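According to Swiss-Prot:
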BINDING   THR255, SER256, GLU257, GLU309, THR409  L-serine binding site
BINDING   ARG286, LYS287, GLU288, VAL302, GLU373, LEU374, VAL375, SER376  ATP binding site
Amino acid sequence: MPWSVLEALRNNPELLIESMKKRCKDPQPVYEAIRVDEEWRKTLQEVERLRHEHNKITREVAKAKDKAEREALIKKAKELLALKEELEKKLKELEAKREEILLSLPNLVHPSVPEGCDEDHNVPVRFWGKPKVWKGHLEEFEKQTKRWGFEVEHEVVEEKPVGHADMLEKVLRLGNTYKAAQVASSRFYYLFKDLVWLDYALMMYAMDFLSKKGFVLVEPPYMVRYKVLRGVIDVETFKDAIYKIEGEDLYLIATSEHPLAAYKMEEIIDESELPIKLAGVSPCFRKEAGAGNRDLKGIFRVHQFHKVEQFVFSKPEDSWEVLEELIRNAEELVKGLELPYRVVNVCGGELGSPAAKKYDLEVWYPAQGKYRELVSASNCTDWQSYRLKIRYRIKGGKKHDFVHTLNSTALATTRTITAILENHQLPDGRVRIPRALRKYLEPFESAPKDYIEPWTGI
């Protein structure tokens, strides 16, 4: 199959137009692509006509016996050749223009993606766990559950839980964002003692889980070239969110998804190798330029963090089943951490350009009284593979097709720590460590085992 966006342009342009509208974007680029493609096809037909005519006259030259007739035919052949070459040049220019427009378009939206332009239109598909709901947040809790037709069992608490930022710096005193801001800038942090152990235990937990599921653990490069970035994201939209190395064609990765996608760049994979399941383990670096003053306190939204990422190269016919597998994996991990959550089907207006469909897994934050994103799982179909030139060889033939690429968070450690601090805090200031993490701490004598304890600080 050809690239899905080009195929839609040729055979069902209305699909592209509706997809843009569903994303709450102006479909004008699609109309422009249609115009350019129609002109390209007309020009191609004219080139073919001229080629046929030139070949015909060339054969007539060989047969001509009269000198004047031969010279007239040769002159005509040269004129046709010059005209054909001129149109071939125009053809290449139109093809480049069409490609430029099509590459600027986001992916085709899957039919199951909800309508809507902002996160209020994300549709919950399931809930898990018994959240602790402060009595002052009951109305807000019902808006996030009953509004969508879900009756979620919950525990009403009289005292408002302590927010994760205050737990971090005032109660436990195991983090310091004020000093980090002096040393670096806002949205950086120092973590100490038990929280450092917890950070690495979370990574080990996710790595162990995914390796047992058949994922290959990968520690990728922490920087990528511009051509890789251009192949995996909409660079123009996100250029202010990415750290560039001054004077070099290198960018710090915002997620291991990007170098993992590029691992098979410009390759043809044998069909028998698919699916290829990778678990990326890396630090991530994000400017968070568009975050403004949101989540300035604590370590919920930061410039650097550790993350374990799921990434899959899949056959097109299997990719939607793989997406469900990825979100189920994330759910298993979060269930193991005993964190109440919901899964939402993200609406069209909230989808990033590469994603045809995305699920967010949102954990309940008792102090905030809302579900917050912990995991995102996306099917990017052939949006990335077309740009990175990743194909697979179909069994029994020479035909090649673009693979589908999928990604999902397994665990992002700092954000997961904030969820643990809010959901597992105790009245005496300690925080209960989820049982699933304890085996990754037990081998180390100085590591916490059952509880994270308040500290006097340094």
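Cβ atoms here come from the backbone N, Cα and C positions, even for glycine.
Structural mapping of features recorded in Swiss-Prot.
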{"residue": "THR255", "record": "L-serine binding site", "Cβ neighbours (10 Å)": "23"}
{"residue": "SER256", "record": "L-serine binding site", "Cβ neighbours (10 Å)": "26"}
{"residue": "ARG286", "record": "ATP binding site", "Cβ neighbours (10 Å)": "20"}
{"residue": "LYS287", "record": "ATP binding site", "Cβ neighbours (10 Å)": "17"}
{"residue": "GLU288", "record": "ATP binding site", "Cβ neighbours (10 Å)": "17"}
{"residue": "VAL302", "record": "ATP binding site", "Cβ neighbours (10 Å)": "22"}
{"residue": "LEU374", "record": "ATP binding site", "Cβ neighbours (10 Å)": "23"}
{"residue": "VAL375", "record": "ATP binding site", "Cβ neighbours (10 Å)": "26"}
{"residue": "SER376", "record": "ATP binding site", "Cβ neighbours (10 Å)": "19"}
{"residue": "THR409", "record": "L-serine binding site", "Cβ neighbours (10 Å)": "27"}
Of all the binding-site residues here, GLU257, GLU309, GLU373, which one's CB has the most other CB atoms within 10 A?
GLU257
When the Cα-Cα distance from VAL302 (ATP binding site) is computed for each of the binding-site residues THR255, GLU257, GLU309, which gives the smallest value?
THR255
What is the nearest of the binding-site residues ARG286, GLU288, GLU373, LEU374 to SER256 (L-serine binding site), using the Cα of each?
ARG286
By CA distance, which of the binding-site residues (THR255, GLU257, THR409) lies nearest to SER376 (ATP binding site)?
THR409
Specify all same-chain residues, apart from the site residues THR255, SER256, GLU257, GLU309, THR409, whose Cβ lies within 8 angstroms of the center of the Cβ atoms of the L-serine site, ordered by sequence.
HIS258, LEU260, GLY280, SER282, CYS284, LYS307, VAL308, GLN310, PHE311, ASN407
If I take the alpha carbons of VAL375 (ATP binding site) and THR255 (L-serine binding site), what is the distance between them in whole Å?
13
Out of the binding-site residues listed (THR255, GLU257, GLU309, THR409), which are within 10 Å of ARG286 (ATP binding site), Cα to Cα?
THR255
Span of ARG286, LYS287, GLU288, VAL302, GLU373, LEU374, VAL375, SER376 around ATP - largest C-alpha separation, Å:
19
